[in-house]
Amino acid sequence: MDFLLGNPFSSPVGQRIERATDGSLRGEDWSLNMEICDIINETEEGPKDAFRAIKKRIVGNKNFHEVMLALTVLETCVKNCGHRFHILVASQDFVESVLVRTILPKNNPPAIVHDKVLTLIQSWADAFRSSPDLTGVVAVYEDLRRKGLEFPMTDLDMLSPIHTPRRSVYSSNSQSGQNSPAVNSPQQMESILHPVTLPSGRDTSSNVPITPTQEQIKKLRSELEVVNGNVKVMSEMLTELVPSQAETSDLELLQELNRTCRAMQQRVLELIPRVQHEQLTEELLLINDNLNNVFLRHERFERVRTGQPVKAPSEAENNLIDLRPSTPPAVRQPEVTNNLSSQLAGMTLGSRSVSAGLHSLDTSGKLEEEFDMFAVTRGSSLAEQRREVKYEDPQATKGLAGALDARQQNTGAEESSASSDGAQLTNWMMRQGMVPVPQANFMEDIEKWLSTDVGESEDGKGVTSEEFDKFLEERAKVADRLPTLSSSSAGTPVSPAAASRHQKQAKEDDAMFAL
């Protein structure tokens, strides 16, 4: 078939591949390799011509230096060319008949060529695993693993992404934008999110423990840093993005990050039980925890974005004590008052002692109103008050005697109806100054004086203010006419009857002036 198509090196790209893989070269010609990639991307027949030329240079060639240069050109083209070239080199036929055939024991290839071929197969299998039309290399890779073939550890220093941005031609009007990279382009996204192949040493399906060397530990830790970087980027995106306002490009990048991190977690889980290194095992476990946490956050993000219903609380949550205030079905809103009795009445304590205390507070409120009336009368003159008030008026309950008498009756009613709890509450309120303290002896003296004063009056009518003023003037005149006691008569003893009358008269005068 190749004979019918002619010489593979006769095409423009074939000629350059022939020069780039010449055995006389001491090393790779990278400028020529990149020129080959440009021709493949820009021409219609470039991928097929390059594929035929590379295949011709590798198959049956005993000059392994040329084979090594051809493998380098092949790797460069896969990393820098598009899907048209990937379909050709990722096919199962090319991988088995060209690459695997080259490293067969009968060909006796050097170790560097053997490792180079296995590295290419492994990296392509990891990169093309999610592409349905590029799974030929994946099938070959899995078959080689089942046969027990050991793949080399990945060298991160030499690792570069499979997919790189295509060559773009900028117009003269867009030269200013040439310096700023397009971070949201699909090619760069694929380049950033290419899953890094963690070292496996042996077939990961077996349980053979791995004791890594110092070089392997260094490479593994550098790869774990890449995993941590992806986890950090995904976590920051979940923090910044709003589920209902996220753009399509951001959601695509987030989904790609999620797939990449899940692929990395599978490799981490394979290494955890096999690595015989305590510190590395701790680092792997920590990375696995971070991956699980970011996956949970992503699931919650998707649940909110898609509007899925939130899970109902479990029965265990319903069994918890509800400390919120319970509201009855029909509650009458109390009126807002500043009265202390109204505030205490709103507290449903259900105790007779509290009822007795509220009754006493209501009584004290009435007394406050009565004393407020006395405060209002202080604005008028004393003569006007005496002309308007009769001291013996039975209806004059605004006086001090009536108020004190009402207070005594209320206090007596409280003491007779209150229980032992009510007495304790009343005593406490008295000590706090909330309820006036009853003065029984003082009340008895006032009542005794009032009854005596009423008995001595000849008529049932009270004394007016004018009569009281006249009485005071007469008393003053009598006092002026009294003789002055001499020093000789000062020591004369006074009879007991006169002393009793004088004392009684003094008490009456004091009581009158007190009113």
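Placed from the backbone N, Cα and C atoms, the Cβ positions cover glycine too.
What Swiss-Prot says about this protein:
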type: DOMAIN; residues: 20-152; note: domain 'VHS'
type: MOTIF; residues: 48-56; note: motif 'KRKK'
type: REGION; residues: 166-185; note: region 'Disordered'
type: COMPBIAS; residues: 169-185; note: compositional bias 'Polar residues'
type: DOMAIN; residues: 215-303; note: domain 'GAT'
type: REGION; residues: 307-333; note: region 'Disordered'
type: REGION; residues: 319-324; note: region 'Clathrin box'
type: REGION; residues: 480-515; note: region 'Disordered'
type: COMPBIAS; residues: 505-515; note: compositional bias 'Basic and acidic residues'
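The domain 'VHS' (20-152): residue composition by secondary structure is 96 helix, 0 strand, 37 coil, according to DSSP. Within the chain, the motif 'KRKK' (48-56) has long-range Cβ neighbours (under 8 A, six or more residues past its boundaries) at 2, 5, 8-9, 11-14, 17-18, 36, 39-40, 70, 73-74, 77, 85, 88-89, 94, 98. Across the range of the domain 'GAT' (215-303), the DSSP-based residue counts are 76 helix, 1 strand, 12 coil.
When averaged over the domain 'VHS' (20-152), pLDDT in the model lands at 91.
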